[in-house]
């Protein structure tokens, strides 16, 4: 008898998986925002001996080192545990880190708590997006991951408003309670993940075919069973791609040296660099240190800085939600390039405003302009550079390497995050307005990188993307219609129809047949 899941089947089940995956991102967003607001509390600074700007940056950024190693650990545990259990483990580790941080009275103890919480966050963020992508329908996959990212900003906003409210609390309650509040999200994960299914694609990889068919039927809903023709057809499509990739027959050295299945190494690099672009855009300058920058770079009072940071998080959240309406309509490439261009313009305007102030301009006027463009940056980033890099690695990586590819992408995210957070406080102090020019140039560079190297993944099944790389496309894809067109290529539709026809007849579909059909279809298109 098929297992019953939270939400039952069909769309309600997909929604509950999205709620669980989004809770992970709320958790992550909260952790991103909370510490930057804690370190400006005077009682916190007094408790830890008024640490220097460098030490504050170290306490903040070592969390990202924990995240890096947590993400890397899922290379070994992600497939073994499965998606829901990996998230339960990660959330438990974060709770342990939260307890250590909340009870801290020394810098060393706080650093240990930060690193442990980071380990759990790295595990969770490397897993949630893959789980969502592998259980979603083609046309809703991008929107659901964008909802996840909007929930990440919800967590970030909660951290800003909660720390603002508790800034009026007596003594150490003002900073200990916000750190302890992380445990609430762990309890939410405990209430959801044990009652939701694992990825059917992972189950097929593990050889658990009957369970995979049950999950596919549950996700499809509308009375589908494991024996339904549509479920068997979907099962055959996934297994066909896995049979053709046969990644397990290659050594790690063969895979990373480019001698594995077509495009595998390139796909891992594309996913990892897309995540790097998310971080080296400069977003965590504002996520971690907005209040600090308002106080120390723009000369705004602590209370007003907290209020502006909290309002900025709402602005960020609104535009992260609006990305829902463009991610599938315009595709990953256009959304990413337009968002990056807007981010670059915002950094240029911030540099001009702070530069004028540094050379004797009206500090009130220039400060107001800079704050306005920090808000505009949040809006620009939220519309594209926020969500696309989190979505893309879950789509672009080979089916059998999706966990490992997403883990490497997240590890890249976290190590870049660490570098940005570690460099920001000294950068603001030593470079002044010139610091913002660096981020303007970097964001502008995202446009040609995306245009020339990144194939479109919108309106394609995950298996379509495998088929594309099976044709061994050139590195530069900007003039490849199959790579850049927004609508789903007709050749892939025809291949799925052939597989469905075989499923209806009950005669199966082999990997060799699928590969041959792909080659013939591409030749016809050429």
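For all residues, glycine too, the Cβ spot is worked out from N, Cα and C.
TrEMBL does not curate its annotations; it predicts them automatically.
Looking at 227-245, 246-264, 436-454, 455-473, the stretch flagged in TrEMBL as transmembrane segment turns out to be 436-454.
Listed ranges 105-124, 205-224, 405-424; the one TrEMBL annotates as transmembrane segment is 405-424. Given the ranges 370-393, 490-513, the record in TrEMBL names 370-393 as transmembrane segment. Cβ atoms under 8 Å from those of the transmembrane segment (405-424) belong to residues 57-58, 60-62, 64-65, 67-68, 70-72, 74-75, 78, 118, 122, 125-127, 129-130, 267-268, 271-276, 278-280, 282, 284-285, 288-289, 389, 393-394, 396-398 of the same chain, restricted to positions at least 6 beyond its ends. Contact between the transmembrane segment (144-169) and the transmembrane segment (436-454) is not supported, since fewer than 3 Cβ pairs fall under 8 Å when only residues 6 or more apart in sequence are counted. Ranked by the number of CB pairs under 8 Å to the transmembrane segment (12-30), the listed stretches 61-81, 175-196, 276-295, 339-358, 370-393 are led by 175-196. Contact counts against the transmembrane segment (339-358), taken as Cβ pairs under 8 Å, peak for 370-393 among the stretches 61-81, 276-295, 307-327, 370-393, 436-454.
Counted over residue pairs 6 or more apart, the CB atoms of the transmembrane segment (436-454) and the transmembrane segment (276-295) come under 8 Å in at least three pairs, which marks the two as touching. Residues belonging to the domain 'Major facilitator superfamily (MFS) profile' (17-458) score a mean pLDDT of 86 in the model.
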